């Protein structure tokens, strides 16, 4: 049955096994953190961290270190810069995020220039910006899973404070919650998710894996927990289907293989488009996701 749709050697291929494991871990973490990012209005911050992390990926080529380490360090630095320079006003928060984003992109351009010109790493730009999941060694899997576990553990520890800060920051302050600290921790988890996403689909396209599944889930979810689960399943499905399509594309007529990142992002975009149509059909009542969560008093 499966042989009709899956080419021979798919599950036995070492690059495929690595891609499924790395991509699956990244998809689950991005699905979970993406929900919190949207609920707190951090979609732009997620996009900014994706681009900022590219500087870490570029620096890893120069220093000869693991690419994941570079992505994580730069993403965490960007998260700290965004949160510590932000204010309560959304407009000023977006301004500080944009400034940090510009600095990160400048560093990325500089590091990539040195990598290409000084070390002849001609594939650095392509790998950093669009991912290189097929070429990842199996030795990176434990580090990917460890990073994913740290991000999920961090979010589980701050689950309720993050929800309260998302619904009513002023009430959170009254209850004695350090909103700034919660913001730093939540953005740190977001930075780890961005690093994993950048390893999968590249820094430029990682926003789709981070925000897309969460946006789809929030159209249907009636609670934060259901949103997190649905988002993780959506992201995982998109990544695994994307890996399968990319593998099958090697056997298409006149084809030498399409990039995995293209299929993953395309699947998420198609699912997002259909989710809007389906949501209007089965969820007739209007109102934002944040309002629905507030009415049900989940916090």
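If you go along the chain as it appears here, the first residue is 1 and each next one adds 1.
Quick reminder: no glycine exception, Cβ is built from N, Cα and C everywhere.
Copied over from TrEMBL, here are the features:
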type     : residues : note
TRANSMEM : 20-39    : transmembrane segment
TRANSMEM : 59-82    : transmembrane segment
TRANSMEM : 94-116   : transmembrane segment
TRANSMEM : 136-159  : transmembrane segment
TRANSMEM : 179-197  : transmembrane segment
TRANSMEM : 203-221  : transmembrane segment
TRANSMEM : 228-247  : transmembrane segment
TRANSMEM : 259-283  : transmembrane segment
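Counted over residue pairs separated by six or more positions, the transmembrane segment (179-197) shares at least 3 Cβ pairs under 8 angstroms with the transmembrane segment (59-82), which defines the two as touching. Sequence-distant contacts of the transmembrane segment (94-116) (same chain, six or more residues past either end, CB-CB distance under 8 Å): 44-45, 48, 51-55, 57-59, 61-62, 74, 78, 81-82, 85-87, 122, 124-125, 128, 203. Comparison of 59-82, 203-221, 228-247 by number of C-beta pairs under 8 angstroms to the transmembrane segment (20-39) places 228-247 first. In terms of C-beta pairs under 8 Å, the stretch of 59-82, 136-159, 228-247, 259-283 lying closest in packing to the transmembrane segment (203-221) is 259-283.
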